[in-house]
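**Student:** Just passing along the structure, written as structure tokens.
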Amino acid sequence: MESSDHAERTERPRSDSVSSVHSHDHFIERLFIESENNLSRDVLPLRPLIEPIPDLTPESAAESVEGQKEEKKPTENISSTSTSTWFVLEGLAIVLSLLLLIAIIVTLSQFDGHPQPAWKYVSLNSVISWLSTISKACVLFVISEALGQLKWVWFTQKTQSLPDLGTFDRASRGLHFAVLGSLAVILALAFDPFTQNLVHYYSKLVTDVSQIATVSSSVLYNVIGLTIHSGAVWYVDPVFKANVYSSLLNNDKTKPWSIPQYTCSTGNCTWDPIATLELTSSCANITDHLKFVCYNDKEFIAGYGGPNCSVNLPGSPTSASFVFNKSDGYPVTVAAVKSTQAIVYKNPYHFATQMIAPDGLLLEGPFLPGKTKWQALECALIPTVRSVRTTVTNGTYHEESLATWTNITFQYEPSGPGYYLYPPWGPDMGMEHNQSFVLSSLSFVAMGWFFNSIFGGRAKLSSRFGVTFTSSADSYAGADIIEAIAYANITGCTANTAEKLQCVVENVAAAASKTFRDSVAPGYEPGNGTIVGQAKSSMTYVAVHWQWIALPAVVWLLGLATLIGTIWKTRRGSVPQWKNDLIPLLFLYKNEQDEGVPGERTDSLKVRLYKSDDRMVLGE
């Protein structure tokens, strides 16, 4: 029964077939004729499943309309169109996709590590997004057309399952692909996210010439206060005194008394190395030099209940004393000493100070020789030239010490006698070659008198009156400072021994250095002792993470490989270039109730696209 039906189908007059398609465009008719002529003639004829696609020309279509049933041969003057012609659009699309990828790379390379472009109507991300979207669209167009063409190649190679026709047709439009084309389309889903991840932004501080950055620096300090004895001795400058007092009596943790005048309008500034005149401190533990002596003075013992004992440094006036096994005496003492009295710092151009105290700065007693531990410290304030690198970060001042120079010579110069320092440095350390730094002799002497007054105090312990503080000089400053050392919370000082003196002189040195530098920089304007730096403003910069270009490049390469493979297979098999055209599918379709294939058989049916009698046939 099936054979007879088939016979009837094959014996149906050709006029029926012609009349069923004569309404199609003459151009499409020529297309099928040309495509059929390209197929090899050595394919063995198979049993047609669906009626062959007829060769249609304008002449045969006209005769069909007039009712003529005589078969017309194909027009012989229609030339075959080459494969390259049919893949021109695909070739242009793959080239355009490559050019757009190159444009993305070139654009990003121009801005990598540079400020974010301030374009008026578009952003960098938007440009990259547009370029990547068009590039992806081009490569997906190529892949879609190639997959559409590959379904015809698939059915010309050998008999295949009929549902594969639908699978290939869906593959050219969706995500269910095979091998290179399918992988390319799947990877293309991440095309846009990957290109967006190429561009990252970060904040970077850059020099802003419209902003101000200055800091004070001094090569000369010659400031003094009022005279004391008819021009023979002078007080220190009141600013110097105020800064030093603040360093010892003000427990502000930001240490404003140590920061030279500066201005940084952006809150972030840098300076090249700066060489400036300062005071620095140095300390040495001299506990090993302590000598203990007790005096068996009967009168003293009768009055205080025990012998008087002293803790001394040889050759120095600095000493502490206590009553044996009692809570009386002068257990804590601080004294400025001459270079000839110093144990470690014997340079006459240094300001030396000594301190003796029991461990824990004990001001309670009782004191016992051999049981109570004592310490002694000697420190010096030294005129110094220091090279520093200064920065201001988020409004906070920082200094990095690069080098120091402390070799001093006393000289008589036309500008006046002074203490000269000649560091062997150059511009890399912030100074000119052979530049001198000078501390005037008047300022030096005034500072010596001041240090003698503040570092000249004792803490007195009495079983009757408790603790009192006295000064060894006429000034009350010595008593204030020894009280601060013994009891106050001096900024940065945590030691509870004589080593607290080290922290004290460090603060004094920082305060004096600020005074030196600010003395020639009364204002914030550049010049007159101020050093100009670079004010930094925050700008947004572009950082390209190039690893994210890998996926777009792979998608493009897969698209290119798919296109080249499709062209090669089409040429090799002389397959019509129908691609995703629906017209051939309409010609090959027959209604199931008429003479088509029953629906239940389509899943198992094996078919092949071949050429028979100059016609394209989809048969078993």
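The backbone N, Cα and C atoms fix where each Cβ goes, and this holds for glycine too.
Taken from TrEMBL, the feature compositional bias 'Basic and acidic residues' applies to 1-15, 66-75. Residues or ranges marked as region 'Disordered' in TrEMBL: 1-23, 57-78. Feature annotation from TrEMBL assigns transmembrane segment to 86-108, 128-153, 174-191, 211-236, 437-455, 546-568.
For each listed feature, how buried is it and what is near it?
**Tutor:** Outside the transmembrane segment (86-108) by six or more residues, the chain places 124, 127-128, 131-132, 134-136, 138-139, 141-142, 145-146, 195, 198-199, 542, 544, 549, 552-553, 556, 559-560, 563, 566-567, 577, 579 with a CB less than 8 A from a CB of the stretch.
With a threshold of 8 Å between CB atoms, the same-chain residues lying at least 6 positions outside the transmembrane segment (211-236) that come near it are 260-266, 269-271, 274-277, 390, 392, 416, 418, 435-440, 442-443, 445-447, 449-450, 515-521, 524-526, 529-535, 537.
Distant neighbours of the transmembrane segment (437-455): 219-225, 228, 233-237, 240-241, 244, 248, 275-277, 334-336, 349, 351, 353, 381, 383, 385, 410, 413, 415-423, 471, 473-475, 477-478, 480-481, 512; these residues of the same chain sit at least 6 beyond its ends, with a Cβ under 8 Å from one of its Cβ atoms.
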**Student:** Could you give the residue numbers and ranges of same-chain residues that sit at least 6 residues beyond the transmembrane segment (546-568) on either side and whose C-beta is under 8 angstroms from one of its C-beta atoms?
**Tutor:** 83-84, 87, 90-91, 94, 97-98, 101, 104-105, 132, 135-136, 139-140, 142-143, 145-147, 149-150, 153, 180-181, 183-184, 187-188, 190-191, 194-195, 197-198
